[in-house]
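**Q** Mind having a look at this structure? Questions to follow.
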Amino acid sequence: MALIVQKYGGTSVGTTERIKNVARRIAKWKAQGHDLVIVVSAMSGETNRLIGLAKDIQEYPDARELDVLVSTGEQVTIGLLAMALKEIGVPAKSYCGWQVPVVTDSSHSKARIQSIDDAAMRADLDAGQVVIVAGFQGVDELGSITTLGRGGSDTSAVALAAALKADECQIYTDVDGVYTTDPRVVPEARRLKTITFEEMIEMASLGSKVLQIRSVEFAGKYKVRLRVLSSFEEEGEGTLITFEEDQNMEKAVVAGIAFDRNEARINVKGVPDKPGIAYQILGPIADANIEVDMIIQNVGENGTTDFSFTVPRGEFQRTLGILRDVQTHIGAAKIDADDKVAKISIVGVGMRSHCGIASTMFRTLAEEGINIQLISTSEIKVSVLVDEKYLELGVRVLHKAFGLDQTVEA
Ligand code: ADP
Ligand code: ASP
Ligand code: MG
């Protein structure tokens, strides 16, 4: 008998039929004698629908009220799932984030979990109840409802598993594990039996939305046993996120390929090449709370240089607005910008001990005539920025070039 936290994503609870199906799965686990805490997302499309309503009223919705609104999606599913369980004779009780409570800081729409009170949940579990908790939401110390950022139910689940010292946190979704890349883009992608935390953190931060990055960070910090599985298949071991590299397994150097369409590139040309210029350009952007991702400054020539960086696509216009003032101030010659770009990244802890990985990546893209606009590297990843129209092609050819199409795993 174990204490298991299970999380069911939006597609898995997308209709009342699917909610009934999830209830039947939970009933099976319960019948085996396990204690269960279930985290659910909003029904698929619901969070987007609610954000759309808000934007019909306010172009930039009030942060506090937006959280009040979008958190309702998860409140619907906890109620429905509790009913579905009771309907088949399984005792269950639902909780909104504030009822647990899941206490967060006050950064609306990207709040961080600070503490979770497990007393009420423990009492329910002891009484034989299945506990159902709304994902994605919490409450700050002022009593305001907060949300944890898109995909945040993953983080709710891992945080609950950490607080309850659960034996395992199972993330049920619409694919049966973590793949070498998004299987919707590359049908030849393979499910990984295991992936290390380091790799999963990189994959998540570089755009693989199968797990929200904060959930992986949380699991790493609190040593939560984390597994990704399909909610549509009865059997299957999914993908286990591991702390150690499996020394016995012949591992590919590149574990996976991530990509991100949420990028826009800005190139500030003819900037006077003197100390403080990076700060003068990026300072006002940071002050506006815009996250800068890739950054490149060229070696100067004739007293001027070029400075390039990327920002989230949704912040493109705002960034350009800020830069208009900066350009006059610093005397830059020109701003060249493009929001039809995408980032492709190869990820793998094996890169540490292999050289030539980046050049294989560049050669593979060159052979397809794909131009690289920016590059950034770390010990276990190489990212390139390319024209968005080459994204799928780039991911496919790299997937093949690094041997990910074939069956490498034992
Ligand atoms: P949920 O609603 O269950 O949280 P998400 O849509 O957030 O599901 O995440 C699952 C999706 O992540 C999959 O349908 C898949 O398209 C996408 N995805 C991206 N990269 C990967 C990957 N490397 N492995 C598996 N799925 C991936
Ligand atoms: N419903 C939220 C979203 O769509 C949280 C989640 O699904 O994890 O982002
Ligand atoms: Mg998700």
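Note that Cβ sites are derived from N, Cα and C of the backbone, with glycine treated the same way.
So TrEMBL lists these for the protein:
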- K7, Y8, G9, G10, T173, D174, Y179, R184, K209, V210: ATP binding site (BINDING)
- T47, E74: substrate binding site (BINDING)
- 266-349: domain 'ACT' (DOMAIN)
**Q** List, in residue order, those binding-site residues out of K7, T47, T173, K209 with a Cβ under 6 Å from any atom belonging to ligand 1.
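**A** Only T173, K209 qualify.
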**Q** How many whole Å apart are the CA atoms of E74 (substrate binding site) and K7 (ATP binding site)?
**A** 12
**Q** Please give the average pLDDT for the domain 'ACT' (266-349) in this predicted model.
**A** 92
**Q** With the Cβ atom as the reference point and anything under 6 Å counting, tell me which of the binding-site residues (K7, G9, T47, E74, Y179) are near ligand 3.
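**A** G9, by Cβ distance under 6 Å.
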**Q** Minimum Cβ neighbour count within 10 Å among the binding-site residues K7, K209: which residue?
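**A** K209, out of the binding-site residues K7, K209, has the fewest neighbouring Cβ atoms within 10 Å.
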**Q** Can you list which of the binding-site residues K7, T173, Y179, K209 have their Cβ under 6 Å from some atom of ligand 2?
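**A** Not one meets the Cβ criterion.
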**Q** Under DSSP, is G9 (ATP binding site) part of a helix or a strand, or is it coil?
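**A** It is coil.
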**Q** K7 (ATP binding site) to T47 (substrate binding site): how many Å between their Cα atoms?
**A** 17
**Q** How many whole Å apart are the CA atoms of G9 (ATP binding site) and T47 (substrate binding site)?
**A** 12
**Q** Can you give me the Cα-Cα distance between K209 (ATP binding site) and T47 (substrate binding site) in Å, rounded to a whole number?
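**A** Rounded to the nearest whole number, the Cα-Cα distance is 16 Å.
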**Q** On the Cα atoms of K7, Y8, G9, G10, T173, D174, Y179, R184, K209, V210, which are listed as binding ATP, what is the maximum pairwise distance in Å?
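**A** Spelled out: the longest distance between any two Cα atoms in K7, Y8, G9, G10, T173, D174, Y179, R184, K209, V210 is 22 Å.
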**Q** Highest Cβ count within 10 Å among the binding-site residues T47, E74: which residue is it?
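**A** Per the Cβ count within 10 Å, the most buried is E74.
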**Q** Whole-number Å only: compute the distance from the Cα of T173 (ATP binding site) to the Cα of T47 (substrate binding site).
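**A** About 17 Å separate the Cα atoms of these two residues.
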**Q** In whole Å, how far is T47 (substrate binding site) from Y179 (ATP binding site) when you measure between their Cα atoms?
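**A** The separation of the Cα atoms works out to 25 Å.
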